[in-house]
Amino acid sequence: MSPSAVQSSKLEEQSSEIDKLKAKMSQSAATAQQKKEHEYEHLTSVKIVPQRPISDRLQPAIATHYSPHLDGLQDYQRLHKESIEDPAKFFGSKATQFLNWSKPFDKVFIPDPKTGRPSFQNNAWFLNGQLNACYNCVDRHALKTPNKKAIIFEGDEPGQGYSITYKELLEEVCQVAQVLTYSMGVRKGDTVAVYMPMVPEAIITLLAISRIGAIHSVVFAGFSSNSLRDRINDGDSKVVITTDESNRGGKVIETKRIVDDALRETPGVRHVLVYRKTNNPSVAFHAPRDLDWATEKKKYKTYYPCTPVDSEDPLFLLYTSGSTGAPKGVQHSTAGYLLGALLTMRYTFDTHQEDVFFTAGDIGWITGHTYVVYGPLLYGCATLVFEGTPAYPNYSRYWDIIDEHKVTQFYVAPTALRLLKRAGDSYIENHSLKSLRCLGSVGEPIAAEVWEWYSEKIGKNEIPIVDTYWQTESGSHLVTPLAGGVTPMKPGSASFPFFGIDAVVLDPNTGEELNTSHAEGVLAVKAAWPSFARTIWKNHDRYLDTYLNPYPGYYFTGDGAAKDKDGYIWILGRVDDVVNVSGHRLSTAEIEAAIIEDPIVAECAVVGFNDDLTGQAVAAFVVLKNKSSWSTATDDELQDIKKHLVFTVRKDIGPFAAPKLIILVDDLPKTRSGKIMRRILRKILAGESDQLGDVSTLSNPGIVRHLIDSVKL
């Protein structure tokens, strides 16, 4: 064959290969489009799961007097309409009915001068009223049902639990309130830092602080000393309350040592109250600064009156990470927050006073504040306080607790459910779980397959799952199904707005409301509600810039959402988790899902980074399964893995979504609640490793250096 013929043959072969590649790309694009259409179809027509009659699940003793608080979906729709159209009537009547006031309020809210609706700019509720949070949580129940269980405690080790009645709780709280007042000099309006594990004394502490009109600032008892120091100083805390040590998952945590380290740089702190949990004599005690819980309590009587506070007086600060990385001290008022906690307890979970409410959350987060402490005690039921973890001493611990204490409502994060699902169903066997009447999910959207496992294995496909969407800033639920036979459920959807929440989906670019049959944009709320946070401590400008200024007239949640043809709301994740590549808006969650489907992948986090050609490009941080077996892989083998994962995305979604970078790492930067901090990944990719902001919420701060080194490689 002549050279020209050979060249011609090669060109034909290349042309053929190009045609094949084009055909594959076209097929891939078509597949991606089909997948999108399929996902749209799923979103808009996923099977609705009706709630079964609840009374069939009740114990006979409860079934004799139980009836749901709402009479089906139409009753919810009627009341929700009233709460939006006449919030003064709705919330005024509820506040009068469910809260005890030392001085009645004379105005429900301050109306917006333009709309007449509750104002974001002047958000104040139940004006000129006075009340006390502790009285509403403890005293009124101790007077009526003194011997009723208020707190059921389950220690880290099985068999270490005990119960506290409302009468006993009142006496304990009154003594600690006097310790704060007379031994420690705390006054109304002072801030008290709390660094305690999940023990009854932590709940007693919060109630004692609120009893004297002070402000509690709980710091999760897993934060480092530096993080604790920063929160003590920012919150202007005068005293700190802690334990000598704590127990979790069979391990001893040196709580007091962390406090001592933090207090080296906290000039405003006068005293530390120490509850000796383990009585370890080697734990340092610095008198006269440090005071012993038991010794001080003995000095005081078992009753001490409440201090009335104004409706808008601060109840607590709770620090949450912001998009800039600097923690925000979110400030909640007293009356509005209490009403939000109580109403969601009543209607979301269909709670009754005979119930045993188990929230598997920590008081260091908003879930613990609202649904371990305030919600259950406001309602007068029993709250179950669990010190341990779902995996210790084995994966049946939650189910053991539910059966032993006849728990009626169980509220937990999908992170824990995924762990328990992975552990296997054998740990659920031999458990009745018949006391359960409602299952809850909190903290992140729950995947449909986890929802279905939760429903089938724990709920026996007989009881509702309330997939709740809310935030530290909201104080209580924003979007949620309602138990008690009210809301037909769609697995993966948070369903409908709670009372008083006028939830809308906005076009992220124009800020206009989207009212189509399938609206997808950013989730916002159109008017204020009682439990909405009032400000960021000492930084109201940041409060405005973060929540109210992005879309004037709305509260900006920071989350993307879709509303389907039936009005169900689907939470799509943070709006900063969207990558714009060559004009294509790509959901990082969608790309992550494609990668995670591969059997060699354990975890994945996708973020965007700047690209000169496409504006943004996609980077995927990937954790492989069986990491030990990959540690000896050659560079060529690792490159093959990366190419394979890129091809997976191209195949599942389309070429436009293919990651430009695949970075293999040992772990991802996660908070202690299991959320991936993608902000850190974005900063590292942008070459801003020295501007990571607050990384104290990471469960493994040491992973940051590994991630930086992996990107450099």
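Residue numbering: from 1, along the chain as shown.
Note: Cβ is positioned from N, Cα and C throughout, glycine not excepted.
According to Swiss-Prot, the protein has these features:
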BINDING   ARG248, GLY249, GLY250, LYS251, THR367, SER582, ARG650  CoA binding site
BINDING   GLY443, GLU444, PRO445, ASP467, THR468, TYR469, TRP470, GLN471, THR472, ASP559, ARG574, ARG585  ATP binding site
COMPBIAS  10-22  compositional bias 'Basic and acidic residues'
MOTIF     552-600  motif 'FACS'
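Swiss-Prot feature annotations superimposed on the structure.
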{"residue": "ARG248", "record": "CoA binding site", "contacts (Cβ under 8 Å, 6+ apart)": "ASP156, PRO197, GLU387, GLY388, THR389"}
{"residue": "GLY249", "record": "CoA binding site", "contacts (Cβ under 8 Å, 6+ apart)": "ASP156, GLY388, THR389, ALA391, TYR392"}
{"residue": "LYS251", "record": "CoA binding site", "contacts (Cβ under 8 Å, 6+ apart)": "none"}
{"residue": "THR367", "record": "CoA binding site", "contacts (Cβ under 8 Å, 6+ apart)": "THR359, GLY361, TYR411, ALA413, VAL442, GLY443"}
{"residue": "THR468", "record": "ATP binding site", "contacts (Cβ under 8 Å, 6+ apart)": "THR348, GLY440, SER441, VAL442, HIS477, VAL479, THR480, ALA494"}
{"residue": "TRP470", "record": "ATP binding site", "contacts (Cβ under 8 Å, 6+ apart)": "ILE366, VAL442, SER476, HIS477, LEU478, VAL479, THR480"}
{"residue": "THR472", "record": "ATP binding site", "contacts (Cβ under 8 Å, 6+ apart)": "LEU318, THR320, VAL330, TRP365, ILE366, ALA533"}
{"residue": "ARG574", "record": "ATP binding site", "contacts (Cβ under 8 Å, 6+ apart)": "GLY558, ASP559, GLY560, ARG678"}
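GLY250 (CoA binding site) sits 30 Å from PRO445 (ATP binding site), taking the C-alpha atoms as the reference points. Counting every protein chain shown, the Cβ of GLY250 (CoA binding site) has 12 other Cβ atoms within 10 Å. All protein chains shown were included, and the count of other CB atoms within 10 Å of the CB of ARG650 (CoA binding site) stands at 21. Across the motif 'FACS' (552-600), the model assigns an average pLDDT of 82. For GLY443 (ATP binding site), the Cβ neighbour count at a 10 Å cut-off comes to 22, with all displayed protein chains included. PRO445 (ATP binding site) is 26 Å away from ARG650 (CoA binding site) when you measure Cα to Cα. All protein chains included, PRO445 (ATP binding site) registers 20 other Cβ atoms within 10 Å of its own Cβ. THR472 (ATP binding site) falls within neither a helix nor a strand when secondary structure is assigned with DSSP, and so counts as coil.
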